[in-house]
Amino acid sequence: MKIKSLSIYGYGKFTGFEWNAIGSLQVVYGRNEAGKSTMMSFIHSILFGFPARQSAQLRYEPKYSHVYGGKIVIETETDGEVVIERLNGKAGGEVQVQFEDGTIGGQDRLIQLLAGMNKSLYQNLFSFDLKGIQDVQRMQGMEIGRYLLAAGTFGTDQLLSVEEELKKQSEQLFKPNGRKPKLNILLKELKESEVELKKAKQQNSDYESLLSRKSRLEAKHLKLEKDLKEQSGNLQNVTTVLEKWAILQENLRIEQRLEELGTVDFPVDGLKRYENYIEKQILLRNQIDGIVRKLEKTKQNQAESRPSLTFQPVIHRAEKLIQEWPLFLQNQEDIEDGKRKVIEHKVKIEEIEQALGLNGQSANLNLGIAIKEQIRKLLNDQLKFQLQTEELSKQRQKTVQEFEEIEAQCQSIEENLWSETDFKQLQIDKNDWIRLEELLEEKKRQNQNRQDLSKASKKSNYIKMGEGILFLLSLMLFFWSIFTSQWLLGVFTAGISGYILFSAFFTNKAKKNSDEHLTLQIQELTAELEKRSKDYHPLFVYEEQLELRNEWKRLYQILEQKEQAKGELREQEQHLTDSLECTKVNVQSYKEALGLSMDFPDIRLEDAIDLLSERADQQKQLEKLQKSLQAKDEKQRIWLRELEIIASAANCPFENPSETGFLLKQTLKLEEEKIIRLKEWEIKIEELESERRILEAEYKEYSQLTSQLLKKAGTIDEESYRVKAKKYEEMCQLQSRQQILQDQLNQSIMNDFNHYPSQKEIKETHTRLIMSIKEIEKALKEVRQERATLDHQIAVLEEGGTYTEKLHRFYQFKANFQEEAMKWAEINMAVSLLQKTMNNYISDRFPKVVEKAKEYFSFLTDGQYSSLAFQENDQLFVKRSDGALMEPIELSQGTKEQLYIALRFALVFVIQSDYSFPIMIDDGFVNFDKERTKKICELIQKMSKETQILIFTCHEHIKELFPSNCVYTLSSNHQQRIINRVQKATRVIV
């Protein structure tokens, strides 16, 4: 597993922090307080949950963000990229796991993804810091060897600490010849209690009768106390009602008044809203009146700026004439040029007619692009139909041949098909065969169960060995207690031995019954399977017949398709023949229409059409020119007549068109200025009208809101609305007062109040209860005096202790002794199991760890120490280059730390096939000299090729030992930037 990126929403000093593209080797460098430990804790929290609030671990809750949590992106070999997001919530936070295929899971999927790894185990195996290395410095003697052994086996010395603690607890409970252990003290007290019990058997005569009389008095005393408690409770309730009588009466009056008022439907804040709407209407009416006065004044100014009435209707015509003056001059030149072109077109038409020898009738033919395309298409279709007719003939012959081949295949398959009756019987045989296959699978499963039971019996042999050892120890203690007259110890050990024999007997019996049941099932399945025929396999025959039927259906469908294809090809061939004849007829008709002879070559039809088209174009251009000349002449006359009319409307003389146009232009400029001023007044009037409409609409809206309030209140005018508002206000005040009164009362007090119609009656009940309580107290006093007399008589007999008390004391001592003895047995059993577990780990994992640690330790020490050795007494030795074996205590402090690191790295290498997690190191090499630091950094770079390593350091000399692309620098002012960004965002919101 590798961490690809992380995003911190809010954690400690980080808010909105992102780190992408995290490599296999990553050095996180930053000064003190830059957030290295915070980032390391963030990774732990996202993977394993946030620390609890009562935990001693820091939670790193953010100071400048409401969001607590974030996400990391990891990459695994099985699931690809996985996004793990955790936010604040119950327990360790709400976690969401999103896989590469879009699947989303929760805490259960995360546990499965992490292969059951928890936070404590991860920190012990993959995450270590300076504290773990410095622990080597504080140890002496054999402690160093045991600590290094634990570091290379379990990643921590916790199991060793637990073993020592359990042994200490066992010695505190019992020692064979001890006096202070708890079991030794209890055994001595039990013997003394047994002697006192025998003496007390002689003092048990009148004592029983006194106890019986005392028991009766105690029963009477309890009854009187119960009656006293009941009457006192009633007195307290009555007293409470008397004290709150005035409040209860006021509450009753309020309920009656609320019933008189009934339900008052009135809008919320109705009166305030009504008055607000009225004020708005008055203000809007004043604004509307002001706008009306402005409109009248503006319209007066508009009337004073009216343009000339005689020239205004023709102003647009005057503008048009002025713009058309250049066109008038251009038209004069175009008329002269057009007359020359008419003569040229007539000459060209005469030349074409002479070349083709055509008469005048053919000049009216439609010879456009469409006609030419139709003739070209007819010629192409004629050639295409000839080729298609030949191709269809070949296809029809091929289809007939394929039809005959498929028909032969269908006949062959029909010969091998079974009849319908035989096929149905085959289906029945196939189902029976499948049932026998299921029986075969059941037999395999039963055999597997027998193998599983066999494996389980092997595992239980180890448990039986432990029980046997405990049974021998108990049996030895039993015989020793008999020889030394330790009867209680003998009873205890006999009980343990009997329990072990009893459990062993029933375990063997259950296992035997299970084996017999499995054997019987396997025999029945074997007998059923032997009945199956070996020569006949209906499943295969059924599948073969089913395939033949499906193949026959498929070929029959193809046969029908081929038959249909033959008919279609015949129809297409006939259709092409008809189309070819039709095409030839159409070509001949086009020759006749164009005036060509019937023997004219078909291939030259397109050239003839081009010549005819050119002649038609020349005629069209000639006609167009003639019409254009006529139109321009007419346009010139119309323009001069229009100029004369407009000059008359503008009071301008009409002598020369040029002079008249100049005077007309000046008049037009003056009128345009008047029009601009008129439009400005019109815009002003429109704005005022728009403002008036908006205000009138708003006035109407407030009028409707006022009507809605009257309708909701169920009134028709302002006077009735205000009367109902007062009633509603009174109802609200009464309900508020009622709520205050009911907060001082409860349902029980109100029920008691309803039972008493008057204050006089409740006072009488109060007096009666006081008298009853006094009588009960008097009877209690008499019972207590009589019981004191009996207690004195019993005390005289119990001066030396009663028989029952001593008997109880004896059994109490006995129970205490058995309880502590059971604890002692459990602790010893736990020590035995713990030692077996440690021995298994040492024999299985530690040799592999030692083999890898040799390589790492030799590399770190430049070959000064070439090997490691592990003795049977759990002692670790290192072999120096000169062959000398040395204990860890004999090494220098730096070498011991190198040995610790080599064992930790070797352990990670051994378990990475099962737990492939990133390694995180928090400033673990600050005490090394320059050469040792360089060697450990080289080893880390080498290991990073196999597993991801994250190093958190504040030392620049360590940072410089790694490539720059592997270093990520944390800025110490990151938090200040976050504070500034939060303050800026706050100002923007304000």
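Quick reminder: no glycine exception, Cβ is built from N, Cα and C everywhere.
Feature annotation from TrEMBL assigns coiled coil to 183-234 (among others).
What TrEMBL records for 389-456 (among others) is coiled coil.
Counting residues 6+ beyond its ends, the coiled coil (542-579) has Cβ neighbours under 8 Å at 381, 385, 388-389, 392-393, 395-396, 399-400, 402-403, 406-407, 409-410, 413-414, 416-418, 423, 426-427, 429-430 in the same chain. Summarising the annotation, TrEMBL assigns coiled coil to 542-579 (among others).
Taken from TrEMBL, the feature coiled coil covers 608-635 (among others).
Per TrEMBL, coiled coil is recorded for 671-705 (among others). Residues 273, 277, 280-281, 284-285, 287-288, 291-292, 294-295, 298-299, 301-302, 305-308, 311-312, 315 of the same chain, all 6+ positions outside the coiled coil (671-705), place their C-beta atoms under 8 angstroms from a C-beta of that stretch.
Taken from TrEMBL, the feature coiled coil applies to 766-800 (among others).
The average per-residue pLDDT of the prediction over the domain 'YhaN AAA' (1-206) is 77, rounded to a whole number. Taken from TrEMBL, the feature domain 'YhaN AAA' applies to 1-206.
Residues 487, 489-490, 493-494, 496-497, 500-501, 503-504, 825, 829, 832-833 of the same chain sit 6 or more residues outside the transmembrane segment (462-481) yet have a Cβ under 8 Å from a Cβ within it. Among the features that TrEMBL reports, transmembrane segment is placed at 462-481 (among others).
Feature annotation from TrEMBL assigns transmembrane segment to 487-506 (among others). Beyond its flanks by at least six residues, the transmembrane segment (487-506) meets 187, 190, 464, 467, 470-471, 474-475, 477-478, 481, 814, 817-818, 821, 825 of its own chain at Cβ-Cβ distances under 8 Å.
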